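Engineer: First the structure, then my questions, so here it is.
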């Protein structure tokens, strides 16, 4: 059990201190808890908070941003993250996760992979898919990508969405088909099967029929839903590499000091390239470690830095990404002093 924290006026329950995984969807600027059986299901139109409390009070707080989520929703998610982080005594390492570019740590919470819905919000298809009474009316198609980090993304219900190099899941409610392209490999096929079984168990209470389909042996029910099967395009192997890649640790990183002495957040470069001297990290300040060319930005928060600087860490990261014209998919990791990751430490030549 984590150290009790005052809950006065908090939108989060006292259980946020419990070990394990906690997930909230941002809904009308409030956090709405996600039931355990729905963990791993994300809507592209929404933003989420994912908190993992591990042993020895080692917490990680992830902000998951859907590709179609609004700026208002993303802003509300950031505000709630600041509140939750403060509630937990600023212990968590914070991460910004963008749909389709999640970190390996985030993916490790969901061993059966992630499933993305195109729709989002309270009135979305989420309620339809969890309702057994409407199970027969469900018609959804998912493309399964990645050999290590599995992501299932909802696609238009058409043969045009298929290719011969990937696996797809056609969810018809009472029947779930895992279709495997002729050029997909055995690992991908096994992952597609596992994901189809996970849909059956979590969304149909184990009562749907799962069938593995080989390219060219489509049953009549698939043809009835999708129409006559045309010649299919080939897959793109680069997409699997992107889904599975672990971003390299570039040596050409830079280090910036964050200051609000003028009333605004300003950045001053203190080192042009790594490895850096660890003495550059002063406990009274916050710093940006720029590894943006490898799609990664780190914010280090000194334990004596003022509250405004610490709480603005995510805002500083977003502004830095825009200023440097980095990809919006750039991952952000916010590290309190004393919670530095091994990857972060590799940028320093004399870490103690």
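Note that the numbers count up from 1, one per residue, in the order the chain is shown.
Backbone N, Cα and C define each Cβ position, glycine as well.
Keep in mind it's a predicted model, so treat the numbers as computed, not measured.
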Engineer: For the annotation motif 'Nuclear localization signal' in Swiss-Prot, which listed range does it cover: 129-138, 139-148, 149-158, 159-168?
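Structural biologist: When 129-138, 139-148, 149-158, 159-168 are checked in Swiss-Prot, motif 'Nuclear localization signal' belongs to 139-148.
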Engineer: Among 327, 341, which is annotated phosphoserine in Swiss-Prot?
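Structural biologist: Looking at Swiss-Prot, the phosphoserine feature maps to 341.
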Engineer: Within the same chain, where does the repeat 'Gelsolin-like 2' (150-190) have neighbours whose Cβ lies under 8 angstroms from its own Cβ atoms, ignoring anything closer than 6 residues to its ends? I mean 6 or more beyond.
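Structural biologist: Here the qualifying positions are 44, 100, 102, 112-118, 129, 134-144, 196, 199-200, 204, 207-216, 218-219, 221-222, 225-227, 229-230, 232-237, 243.
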Engineer: Taking the Cβ of residue 341 (phosphoserine) as the reference point, list residues of the same chain whose Cβ is under 8 angstroms away and which are at least six residues distant in sequence.
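Structural biologist: Non-local contacts for residue 341 (phosphoserine): 93, 333, 335.
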